[in-house]
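Trainee: Right, I'll just put the structure down here and ask away after.
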Amino acid sequence: MLDPNSRYVSRLTRDTVALVLAGGRGSRLHELTDWRAKPALHFGGKFRIIDFPLSNCVNSGIRRIGILTQYKAHSLIRHVIRGWSSFKKEFGEYVEILPASQRYSPNWYQGTADAIYQNLDILQAEAPKYILVLSGDHVYQMDYGAIIAHHVETGADLTVSCIEVPIEEAAGSFGVMTVDDDNRIIRFDEKPQRPTELANKPGYTLASMGNYVFNTEFLFDQLRKDAADPDSEHDFGKNIIPNIIAEKLVSAYRFRDHDTNETAYWRDVGTLDSFWEANMELVSPNPSLNLYNHDWPIWTYQTQLPPAKFVFDDDSRRGYAVDSMVSGGCIVSGGKVKSSLLFSDVHIHSYAEIEESVLLPEVEVHRSAKIKKAIIDSACVIPEGMIIGHDHEHDKARGFRVTKKGVTLVTREMLGQQPAGTSAK
């Protein structure tokens, strides 16, 4: 039974350092991550994916945070510096960026475990009791104090946060585990094509969320052993966890909604389809992810922008948005927006029609353009009269990417415009 005392949990979180793994590209997002790491990708109208684990840390009372970066990290680093640099150093609080810097070898980060190992001296200087390793590219709201308390109460060497997901979703994408009646992990497979089915929930498997709580000295010992193994891929899911479950106590912490005890909201958004779907969920009347929860806010950096503006109300042109999220700085000037997300500084010109689409910051859609079921990357300028998402063969012929589920991706390069990596965003 977990101790519900808030001071007890607060003491545990103060004794914890969080390390956010934020160096991945997210290759299944294709051109959307050509110029940015996946954790830097915009999400939910005004946020970036990295804001979710960072906000979870802050809301949980964890104020010592390291962010490990590698792949095309400029926009991620810029966002963290602008939005997450106000911690009180005098109180021992910080968010530090830990780029691959070849501290222990001539190589860059070779895997998730190696990324932590290469910062071992920094962690030793901090001397926390517990280390919380987090994936930086998932969308969810989670109290990390609960999993740390679970870890301590069970006496585990390692605790893995997990969630029930459909087998077809987990196949080839997530690490999956088998547990006994005490939630001790007895088997762990990294991204198997045929995940083990849950006995009490047909069609589902128990998937790793990529979040781990370690006793600090235990983690250090395992990292040193792994670094000395020439056959290791230096990955938690592939090497560390499978190698220790037979001899050490590795516990599974099931992530559930505290109010309903059902499986909590968690999205990987690792494909274009899942990214589009997760954003589209937010425009529904009662989405599973509550961004309006004042008890668990998602913090972020945002520029000072004026309110969204809707202009023109003539019979022939009317600027409006319905069942949509429209961010600051947007102007809908005589255009129609339905079931869509407009990120900051988007401009929709007269007679343009946007439906079931995600428009990232600084997109401009000129007169009479029509966009349906699409993702438009940052700073794209959609020419007058262009039609996107209505004819997939035509989209493909112009070099746009169309997913299996019929979502069209458009980037600046596809439009023959200046690459996103050198634009304002």
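Along the chain as shown, the residues are counted starting at 1.
Cβ atoms here come from the backbone N, Cα and C positions, even for glycine.
Dumping what Swiss-Prot says about this protein:
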| type | residues | note |
| --- | --- | --- |
| BINDING | TYR109, GLY175, GLU190, LYS191, SER208 | alpha-D-glucose 1-phosphate binding site |
Trainee: Note down the number of other Cβ atoms within 10 Å of the Cβ of SER208 (alpha-D-glucose 1-phosphate binding site), including every protein chain shown.
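Mentor: Counting Cβ neighbours of SER208 (alpha-D-glucose 1-phosphate binding site) within 10 Å gives 25.
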Trainee: Specify the secondary structure state of SER208 (alpha-D-glucose 1-phosphate binding site) as given by DSSP, simplified to three classes.
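Mentor: In three-state terms, SER208 (alpha-D-glucose 1-phosphate binding site) counts as strand.
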Trainee: What kind of secondary structure is LYS191 (alpha-D-glucose 1-phosphate binding site) part of, going by DSSP in three states?
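Mentor: It is coil.
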Trainee: Using all protein chains in view, find how many other C-beta atoms are within 10 Å of the C-beta of GLU190 (alpha-D-glucose 1-phosphate binding site).
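Mentor: Counting Cβ neighbours of GLU190 (alpha-D-glucose 1-phosphate binding site) within 10 Å gives 16.
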